[in-house]
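One structure below.
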């Protein structure tokens, strides 16, 4: 009897355990049949909620344009800070390239390669982030790219040779480039068109500040803590920005939720379709003379620019025996020219267009007319090159070459801004393609010239080198004049011949985002 009882007890325990398992299974099935969800759905929903809280939800039902003014200001502040990283990353160690070349056992040409690869990937990666964000949201792309930037900055700091530094700089550029293109999309998502001008103006302060404070901070860090500290600073800055984005930046993109079935499965690959929609028309647009000439115009200017900036450290150290920190302070004059130029050139463009509309009538003003706003650059850039080149050649007081840098950068903005706006205005609905071809071509070619900057300076001397660059910029004016006087006819003929008057399949938000990115980047790179 006791044995039977024992057996029953054991069986009872076993049954009890079985009942528990069966009960859970039964409860799950019961819930599934009644409500369409299982008992584990609560756990799954909880995880999904946490994921959405961190990464954001592009399918949320709220309207980001109805956010409070305070919230919008916080958003603009965060994306402006993210926009700083690309130009700080590009400029931060320039004051100390001489010592870096010694530590890494390489030449100044090798160090120019670290700048060159950064420029290439900075230009190309932006289109990728724009397309991905248009499909999967702005916030996830910010977070992913910042992680790339942080890791790459640390790897740059521990690099022991120039090859390692070049590879990690490429990865770093891919990460920092997102701040330049995603910000335009965030502003388009949250700010109504009538108030976007002010928002873009505030946002532009971030990238411009990168040119001003990057070399200054980098010069101080390099002089007192070593060049590696500049990359650790970038890693710390990236970490702070990642925390701000994670906890304070909401997802601003809004899309309708699509139930994924066989019919809509293709939506999973929308980002790839966006990339295709941007890059495929590039091949056809190579036949548009207006795009080619404006791209040539921008490419020549940017190529000359990258023959100048990498040699500033070498020149000022040799002439004035400046420390890394003092050289960093000299870059402020270049950045100040960009910031002043951005304000003046913007108002000048508005003035030119207003005068044309008043004189000819709004209906008679076409995109090519905006290129008249480039006229100040015809004189400012060559004058800046000549003043900088010959003042450093003769070794005069430092104020003369610094004035040359300021005048040159002022002219650079007057050249880039109107030509960039022309691409946007002349290609409505096709700005993404114009952006891609302009950004990619000029970045690759300009990056190539960077490699020869130090060699050219040593072979020719600053006076001859920058006189040649001044002459090139004068000859380059022909490209703008051809578009100004013949562009309308060429553009119309090309569109009729290729049937490209219809808008491409790329979404309007992506097209706007890329166009604004291009217009902004043209003035700050």
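Cβ atoms here come from the backbone N, Cα and C positions, even for glycine.
For 75-488, the entry in TrEMBL reads domain 'Major facilitator superfamily (MFS) profile'.
Here TrEMBL flags 74-94 (among others) as transmembrane segment.
Taken from TrEMBL, the feature transmembrane segment applies to 106-129 (among others). Long-range neighbours of the transmembrane segment (106-129) within the same chain, counting only residues 6 or more positions beyond its ends whose Cβ lies under 8 Å from a Cβ of the stretch, are 86, 89-90, 94, 97-98, 100, 141, 145, 161-162, 165-166, 169-174, 176-178, 180-182, 275, 278-279, 306, 310, 314, 435-436, 439-440, 442-444, 446-448, 450-455, 514, 517, 521, 525.
The annotation transmembrane segment is assigned in TrEMBL to 141-160 (among others). Beyond its flanks by at least six residues, the transmembrane segment (141-160) meets 55, 82, 85, 89, 104, 129, 132-133, 168-169, 171-172, 174-179, 182, 228-229, 231-232, 234-235, 238-239, 241-242, 245-246, 249 of its own chain at Cβ-Cβ distances under 8 Å.
The transmembrane segment feature in TrEMBL is assigned to 166-188 (among others).
What TrEMBL lists as transmembrane segment is 200-226 (among others).
Sequence annotations record features per position, and here TrEMBL assigns transmembrane segment to 232-250 (among others). Here the transmembrane segment (232-250) has Cβ contacts under 8 Å with residues 54, 56, 64, 67, 71, 74-75, 78-79, 81-82, 84-85, 88-89, 92, 139, 142-143, 146-147, 149-150, 153-154, 156-157, 172, 175, 217-218, 221 of the same chain, all six or more residues outside its ends.
What TrEMBL lists as transmembrane segment is 291-313 (among others).
Marked as transmembrane segment by TrEMBL: 325-349 (among others).
According to TrEMBL, the feature transmembrane segment maps to 370-390 (among others).
Sequence-distant contacts of the transmembrane segment (396-423) (same chain, six or more residues past either end, CB-CB distance under 8 Å): 291, 294, 297-298, 301, 305, 308, 312, 315-316, 319-320, 330, 333-338, 340-342, 344-346, 348-349, 367-368, 370-377, 379-381, 383-389, 431, 434-435, 438, 480, 483, 515, 518-519, 522-523. Taken from TrEMBL, the feature transmembrane segment covers 396-423 (among others).
Under the heading transmembrane segment, TrEMBL lists 435-452 (among others).
Same-chain neighbours of the transmembrane segment (464-487): 289-290, 293-294, 296-297, 300-301, 304, 307-308, 367-369, 371-372, 374, 378, 381-383, 385-386, 388-390, 419, 422, 426, 456-457, counting only residues six or more beyond its ends whose CB sits under 8 Å from a CB of the stretch. The annotation transmembrane segment is assigned in TrEMBL to 464-487 (among others).
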Legend entry - Beyond the flanks of the transmembrane segment (325-349) by at least 6 residues, Cβ under 8 Å: 91, 94-96, 201, 204-205, 208-209, 211-220, 222-224, 309, 312-313, 316-317, 370, 373, 376, 398, 402-403, 405-414, 417-418, 421, 523-524
Inset, instruction - Among 74-94, 200-226, 291-313, point out the range having the most Cβ pairs under 8 angstroms from the transmembrane segment (166-188). - result: 74-94
Inset, instruction - Sort out the residues at least 6 away from either end of the transmembrane segment (291-313), same chain, that have Cβ-Cβ distances under 8 Å to it, and list them. - result: 91, 94-98, 108, 111-112, 115-116, 119, 285, 324, 327, 330-331, 334, 381, 385, 388, 405, 408, 412, 415-416, 419-420, 422-423, 427, 434, 437-438, 441-443, 445-450, 452-454, 456-457, 462, 465-466, 469, 472-473, 476, 479-480, 482-483, 487, 522, 525
